[in-house]
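Now, the feature entries from Swiss-Prot:
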{"type": "DOMAIN", "residues": "1-48", "note": "domain 'Kazal-like'"}
{"type": "DISULFID", "residues": "4-34", "note": "disulfide bond"}
{"type": "DISULFID", "residues": "8-27", "note": "disulfide bond"}
{"type": "DISULFID", "residues": "16-48", "note": "disulfide bond"}
């Protein structure tokens, strides 16, 4: 597994991931995708 050294702000700007989960912002989605076995893509801005 690669390191996932993302440091995200806590600014709330929700995005919906391809896993059906709402992330607090795009950076948080990228961090989750990095740690996941399957890539998570941004489906749309806003809550899922």
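Backbone N, Cα and C define each Cβ position, glycine as well.
Annotated features taken from Swiss-Prot, shown on the structure.
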{"residue": "4", "record": "disulfide bond", "Cβ neighbours (10 Å)": "12"}
{"residue": "8", "record": "disulfide bond", "Cβ neighbours (10 Å)": "14"}
{"residue": "16", "record": "disulfide bond", "Cβ neighbours (10 Å)": "18"}
{"residue": "27", "record": "disulfide bond", "Cβ neighbours (10 Å)": "17"}
{"residue": "34", "record": "disulfide bond", "Cβ neighbours (10 Å)": "15"}
{"residue": "48", "record": "disulfide bond", "Cβ neighbours (10 Å)": "14"}
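Checking each of the disulfide-bonded residues 16, 27, 48 against residue 4 (disulfide bond) by C-alpha distance, the shortest gap belongs to 27. Classification of residue 27 (disulfide bond) by DSSP places it within a helix. Of the candidate disulfide-bonded residues, 8, 27, 34, the one lying closest to residue 48 (disulfide bond) when CA atoms are compared is 27. Looking at residue 34 (disulfide bond) and residue 27 (disulfide bond), their Cα atoms lie 11 Å from each other. In the three-state DSSP scheme, residue 16 (disulfide bond) falls into the strand class. Each residue contributes its Cα atom, and for residue 8 (disulfide bond) and residue 16 (disulfide bond) these two points are 16 Å apart. Over the domain 'Kazal-like' (1-48) the predicted model carries a mean pLDDT of 93.
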